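Data first, discussion second: the structure below is written as structure tokens.
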Amino acid sequence: MTSHATISIEPAGIRWQAMLPVVAVVVVAGFGLLSSDYVVTVLGFAFIYTIFCTGLNFFMGYTGQASFGQSAFAAIGGYGSAILCADYGWEPLLALFATMALSGVAAVIVGFPTLRLRGHYLAMATFALGLIVYEVTIEWTGLTQGYMGYSGIPPLGIAGYELVTVKQQLVALVVLALFGVAVAARLRQSRFGRALASIAGSESAALALGVDIARYKLVAFVIAALYASAAGSLFAHFIGFISPEVFGVTMVVQSFAMLYLGGIGTMWGPTIGAIIVSVLPEALRGLKEMQDIGYTAILIFILIFAPRGLAGLSALFGRVRGRVKEAA
Amino acid sequence: MALLSVREETMRFGGLFANQSISFDVEEGELLAVIGPNGAGKTTLFNVISGFFPPTSGSIQFDGKDITGAPSHQVASAGLVRTYQLVQLFKHLTVAENVEIGSHRVTRGGVFSALFRPEWMRKQEKNVCEGARELLRFVGLEHQADLQADKLPYGRQRLLEVARALAAKPRLLLLDEPAAGLNTQETEALADVITRIQRGGTTVILIEHDMSLVMKIAQRIVVLDFGKKIAEGTPDEIKAHPDVIAAYLGGTETVDA
């Protein structure tokens, strides 16, 4: 009789659970809107990184491949948007889509030869990609103004209406981040998403079931690049200034910390990770010189007790709840 | 016409002939076993047939088409699906998801249908989900559907791999030592599943070491030794074949003769 009760309760429970992260994100954003512009800026970064990591999660989480070079596509998005909007007066949204298309094409061109590599070799090749684009942003001063950076980038807007305050922009970023997560979730729960997961699980089994793994890897790589590019463009509009360091190795390291902390391969892991890794150092500012130590100590603590990321914990809670229900 | 015909298939690794001029046919609906001592070239034969590497020479015809040297995902798409000697599950996914992925070959849709979820796509998803449950029932795993795949006991992982391959609705199923590492009861459960697969109209080729299993369920047997086909026939013929007895009990001189 218990099994019957469980079945009737389960669907409502799943729906409630699925909505919980959305509520959490809205609460975090709401908290930001009631705080200073400084807090808003930190949260803005968090949601930009949410988009970046959600894309990276396609390639590294769902498909199980390594890319150390996604910052390259963020740079294309960031510099593309900066140049098109500041110098040529493009609509920010139009520039966002145009640079996404450009990043997508670049990802196909780069991905086609490099995705034949696996594991560490693929990591090295993609890392080189990130470094090359980083060098280009420094050296090609005619296009990027080098170390000087690019300023005067207009804020996000649509059809002449600009989001002038950072709070308005934060709202836009939250909406876009949630949209990005929703798209990722939809793609994962489909034949396409299952094919990606099969590659992460076992390439030989995927092949034996007729999955064209070279093609699916490339598509996952391109999707990750599209997200990265959008994140780069949004960064440019949000801060109004970009320089080569923004899209350097730090970006890669940050995004990895976010992915693993939040839970790689999960729907909400990138969001959770992005928010925690962005907010935590700021929250620990009171510790003064102990700030970095406190921050890393918490990261290590989380990874010890939640080795599969914080999003993995919810599954654990779900199981405990399930057991309690069975016992009842 | 035969569903699969292997003609003069030779696979050489450097100086080693893993397979040497092997020819045989598999008729539609048949259950054929490939046996032979360790290192006889059975798995190499499977790897060549399923497109994991092209043969050094010879040809493979499947369903009237030449599939020699075609990449493995294309061979699978054509309806020739294999399993592996070492279990290759998608360990991080649930039992049900493993089987759902199996339906890749017989479903369609990519990024756009996943995003916009047209009517046919929703219907297909429902069918995939129900089909997976049905297959899990077929192999007796219906109660473990939501368990993570690597939490299954080994014997059941084998059954899951078979269910996943069946989700691809293969015309020809290649099973590479499915009973390896199974106990007597598990082997019996597996034998029952394989027999039911074949009765359901799917052609099966089975590599197996477990002689009692082979003799019980196979209709025809091909025997390999040192990369060559040394015998072919019904279980009774094979049991009495002098070369087979020699290969299994020693005395390789009869093989070379």
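Heads up, the Cβ atoms here are built off N, Cα and C, so glycines get one too.
Those TrEMBL annotations? Automatic predictions, nothing curated.
The transmembrane segment feature in TrEMBL is assigned to A:12-32, A:38-60, A:72-90, A:96-115, A:127-150, A:170-187, A:218-239, A:259-281, A:293-317.
Here the transmembrane segment (A:38-60) sits apart from the transmembrane segment (A:127-150); fewer than 3 CB pairs are under 8 Å, leaving out pairs fewer than 6 apart in sequence. Same-chain residues lying 6+ beyond the ends of the transmembrane segment (A:218-239) with a Cβ under 8 Å from its Cβ atoms: 44-45, 48-49, 51-52, 54-60, 62-63, 65, 67, 70-82, 85, 92, 95-96, 99-100, 102-104, 106-108, 111-112, 115, 150, 153-156, 166, 169, 173, 176, 180, 187, 192, 196, 246-247. With a threshold of 8 Å between CB atoms, the same-chain residues lying at least 6 positions outside the transmembrane segment (A:72-90) that come near it are 52, 96, 98-100, 102-103, 106-107, 129-130, 132-134, 137, 143-144, 150-154, 224-226, 228-233, 235-237, 242, 244, 246-247, 251. Long-range contacts of the transmembrane segment (A:293-317) within the same chain, counting only residues at least 6 positions beyond its ends with a Cβ under 8 Å from a Cβ of the stretch, are 17, 257, 259-264, 266-269, 272-273, 276-277, 280-281, 284, 287.
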